């Protein structure tokens, strides 16, 4: 296997405030590894909250700072709601205003663009203007000529515009909804990206490390009403979409990659599920559960022999064809 090109993909799922679990895992891993965790991966994919983390890691923001962003600013993102939103949220308006999220992102990323990022990244969203999935990427292929101009803040708002939780996000490319609608667990997109754009003509070895958010499987109780309008579905409809999508991707990646696929995630106990079931619940209980389980999950992964290839891998410096970090001659583009 020595001479085979090897690509490692980091895939970070969405999950609202439960992204604190993901950020805790990343912070613990980065502390032990002793260098930016992005340097261990040839591509970082992230959806919604995972998209924000992916963008942060690609900018080489320390993982412990991203963890603090969730823990310290969660109440600003999912915090106090106006009276109209308390009365009409879920029904006629989104439950939360996106102003708090935008403020937090702007304070952290300011005017940083996708082209300023130091590592390859892929962030899915749904372009509601076209009705199609859209994948924001660094310019790691000659044909990726536009996204490098986009501000990281705008991409983060697009991938995190969860239906009924936040308003749709508008930027220069259109109107966007949460990336969880097209791929809450983006590992399959990462595998496709490597096979199609990074190593299209090579017999490459691809490994995927997926980190979840303690997503609670969306299920129906035995005695629940089967005749449901929006009043009964509410946020449960979006939860079902991301839960079903995550389980499908997990199954397909296990079949496609075998031991070259490694997932870090946890199932909440019945008691803990009361704290973390809602993706916008910011409370002491939720914070403690997500951090405690994230710390334990990282320790468990570090001791697993199947994790060792991710620990040992050093990604090559990425090639960028456009933007401020362009590092290839014009003729090669």
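Our numbering is plain: 1 for the first residue shown, then up by one each step along the chain.
Placement of Cβ uses the backbone N, Cα and C atoms for every residue, glycine included.
Annotation source Swiss-Prot lists active site, nucleophile at 48. Within the same chain, the residues at least 6 positions away from residue 48 (active site, nucleophile) whose Cβ sits under 8 Å from its Cβ are 13, 14, 15, 16, 19, 159, 160, 162, 178, 179, 180, 184, listed in sequence order.
Annotation source Swiss-Prot lists active site, proton acceptor at 178, citing sequence analysis. Counted within 10 Å of its Cβ, the other Cβ atoms near residue 178 (active site, proton acceptor) come to 29, all protein chains included.
What Swiss-Prot lists as domain 'PNPLA' is 10-191. Averaged over the domain 'PNPLA' (10-191), the predicted model has a pLDDT of 94.
According to Swiss-Prot, the feature motif 'GXGXXG' maps to 14-19. For the motif 'GXGXXG' (14-19), DSSP puts the residue distribution at 4 helix, 0 strand, 2 coil.
Same-chain residues lying 6+ beyond the ends of the motif 'GXSXG' (46-50) with a Cβ under 8 Å from its Cβ atoms: 11-19, 22, 70, 121-124, 159-160, 162, 178-180, 183-186, 211, 213. The motif 'GXSXG' annotation in Swiss-Prot covers 46-50.
DSSP places the residues of the motif 'GXSXG' (46-50) in helix, strand and coil in these numbers: 2 helix, 1 strand, 2 coil.
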